[in-house]
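K.L.:
One structure coming up, written as structure tokens, with questions to follow.
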Amino acid sequence: MGKGLFVTGTDTEVGKTWVTSLLAAAAARRISLHNAGQGTVLSNPLHLWKPIQSGSQPGDPRADSFRLLRGSGIEQTEEETVTYSLKAPLAPWMAARRAGTLIPWEELLAEGERKLASYPRLLVEGAGGLLVPLTERYTVADLAAAMGLPLLIVARTRLGTVNHTLLTIEAARQRGLRIAGVLLNGYPGDDDLALSETIEMIEQLGSVPVLGVFPQLEEEPVSMEEWEAWRDQWIEIVESRIRMDEIMSFF
């Protein structure tokens, strides 16, 4: 059975996709370097899974599945990456209903089990926040619980994030979910004191580690060459600002 992490957020648009893709890029490089030292070559040291995305389809540069692969450099297809894509930019339950369909829960769970069994390392990105409804009965939290992977919570750095983060931590614990830690995303670099106070409050009141802070993301690349340079630059940022040793312990 594979190991890995389930990435969730305190809200939608907190940057889960970019954080997931950049963690995957940094982790894949570490794994590849380790394997090279052992004389082992793996074509895909890490697998990405986006169970459900809404608001876009594979091939659309705005799609999470597209951005996950471009940002990470992981060699897999979008079809391998995302299981269900829904047109309306809504919670999956409502997006599916508007499309005249339903998310088949048991099939989604079976796909998650298959991926865990097939890949030694799996990084899963949920949809929106932890309690976003995937069906009329089940939420992202239920999928995370079924997969048994520790949660990595992505949160903003702006005012209000302590409340949102602690609520997410509380909801996760009520459901028996293990929490690997919190990553803060989108820090503009304008108030280090406020940032340190935010980290202190989350760690003290939430009893979870804040594993690092991602700076604010600038413009996205366009060409493949730009993506490669962008990825290399961000891997260095991740290695310098994120506690990757602790994150790698889950792989």
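Yeah, the Cβs are placed from backbone N, Cα and C, and that goes for glycine too.
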K.L.:
Figure out which of Asp60, Asp64 sits with Glu125, Gly126, Ala127, Gly128, Pro215, Gln216, Leu217, Glu219 in the ATP site per TrEMBL.
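P.N.:
Site partner of Glu125, Gly126, Ala127, Gly128, Pro215, Gln216, Leu217, Glu219 for ATP, according to TrEMBL: Asp64.
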K.L.:
Since TrEMBL lists Asp64, Glu125 for Mg(2+), which candidate among Thr10, Thr12, Thr17 does it give for that site as well?
P.N.:
Thr17
K.L.:
Starting from Asp64 (Mg(2+) binding site), work out which of the recorded positions listed here (Lys50, Ser54, Gly128, Gln216) have their Cα within 10 Å, and give them in sequence order.
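P.N.:
Close recorded positions: Lys50, Ser54.
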K.L.:
Of all the binding-site residues given, Thr17, Ser54, Gln216, which has the fewest Cβ neighbours within 10 Å once its own Cβ is left out?
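P.N.:
Fewest other Cβ atoms within 10 Å, among the binding-site residues Thr17, Ser54, Gln216, is found for Gln216.
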K.L.:
What whole-number Å value do you get for the CA-CA distance of Gly128 (ATP binding site) and Thr17 (Mg(2+) binding site)?
P.N.:
10
K.L.:
Considering only the binding-site residues Glu125, Gly126, Gln216, Glu219, which fall within 10 Å of Lys50 (active site) when distances are taken between Cα atoms?
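P.N.:
Final answer, ordered: Glu125, Gly126.
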K.L.:
Does DSSP give Gln216 (ATP binding site) helix, strand or coil?
P.N.:
coil
K.L.:
Please work out the number of neighbouring Cβ atoms within 10 Å of the Cβ of Lys50 (active site), leaving out its own Cβ.
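P.N.:
Excluding its own Cβ, Lys50 (active site) sees 26 Cβ atoms within 10 Å.
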